[in-house]
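Features of the protein shown, as given by TrEMBL:
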| type | residues | note |
| --- | --- | --- |
| BINDING | 26-30, HIS92, ARG126, 177-181, 208-213 | ATP binding site |
| DOMAIN | 23-255 | domain 'Phosphagen kinase C-terminal' |
Amino acid sequence: MKSDTGIPDSLGEWLKDQPSDDIVISSRIRLARNLSEFNFPNRSSGPELEEVKNILFSVLDNWQKQDGEKNLLHFDMEKLDELEREVLIERHLISRALAENPAGSSTYIDKAQSLSLMVNEEDHLRMQFIKTGAGLEKAWEEADDFDDFLEEKLDYAFSSRLGYLTACPTNLGTGLRASVMLHLPGLNMTDEIGRLLGGVGKFGFTVRGIFGEGTDSEGSIYQLSNQVTLGYREEDIIDNLYGILHRIREKEVKARKMLEEERSGDIKNKIMRAFGILRHSYKVNYLESIHFASLLLLGDYYQLFSEFDRDKLMELMILTRPAHLQLYSGDRNRTDRGDIRRAELIKESLSSFKI
């Protein structure tokens, strides 16, 4: 698979080496920061946005030169077309808000795609660090170190009373959004997911769809994140999220055990049918592919497969998303073969899997 856009052909390192017995796919730390001498992006003129871009480009360029191992890829959002921006969304590297408002904005990502910097989205700078599994502490450690470096070079908008100033009041304070991506098929199949969604809010957390705010769950994948930052230390936010995560993990494991004990035949049938459909279909649409892939992950948890490659399946769940298929198909202007190409890619990728 090749692209001439500069977007890496390989996917993020955070997709690899995930334990088969855990519900946590990945962890993310995001920090929102603004420069004190400029208006927030939504109130800035074009020249102001360009000046912010240039300031951050200079600082990041110096950061790379100080450490030869640092290698950031830079994308001017206005120079990427809609399809290319959609690919970055599908990889969780930029937000939809940035993709839909590319004027005066840019993005930096590292080669591992575990670091992403969005310039002139809702705030002047949004930096995110993604790690595989339950890796919030490592993500926070890297984010904190990087933020300290930037704070020495930049004049952040900061209030001794309110903390870091942000365009959205919910990010005031630390400017930190900690989140984990969860695979919760057990709670979905036992119809307990609704109770979970309604229960975490009272603790200051929220559960959203696979691409965050305003999106639906796909393949029983959800994002759990904090809602507010004002009045909390960064470490407290992370500790509190882990507390909620521990409860959700217990509920999901309990649900999976109940399904195995009380509906074993039905669950095995669902998983094996999903495997058969993915291995032998001529056409597979996106929602079918991620739903059936979710069932295969559950089958791996139940140890139903004699040969299984979790890393390959996780990559497949990205590569079969609509924009990826279109961009890497060899004919980006043709959309009518998407479901056929998806089925071909799935069959090729699952050829080594065995029940």
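Heads up, the Cβ atoms here are built off N, Cα and C, so glycines get one too.
Just so you know, TrEMBL annotations are computer predictions that nobody has curated.
Predicted, not measured: the structure shown is a model, and the values here were computed from it.
Taken residue by residue with DSSP, SER26 (ATP binding site) is part of a strand.
The 10 Å shell around the Cβ of SER179 (ATP binding site) contains 24 further Cβ atoms across the protein chains shown.
Local packing around the Cβ, expressed as the count of other Cβ atoms within 10 angstroms, is greatest for ARG126 among the binding-site residues ARG126, ARG208. Counting Cβ atoms from all protein chains shown, SER26 (ATP binding site) has 24 others lying within 10 Å of its own Cβ. ARG126 (ATP binding site) falls within a strand when secondary structure is assigned with DSSP. Note on the domain 'Phosphagen kinase C-terminal' (23-255): its mean pLDDT in the predicted model is 91. Contacts of ILE29 (ATP binding site) defined by a Cβ separation under 8 A and a same-chain sequence distance of 6+ are given as GLN128, PHE129, LEU136, ALA139, TRP140, GLU142, ALA143, LEU176, ARG177, ALA178, in order along the sequence.
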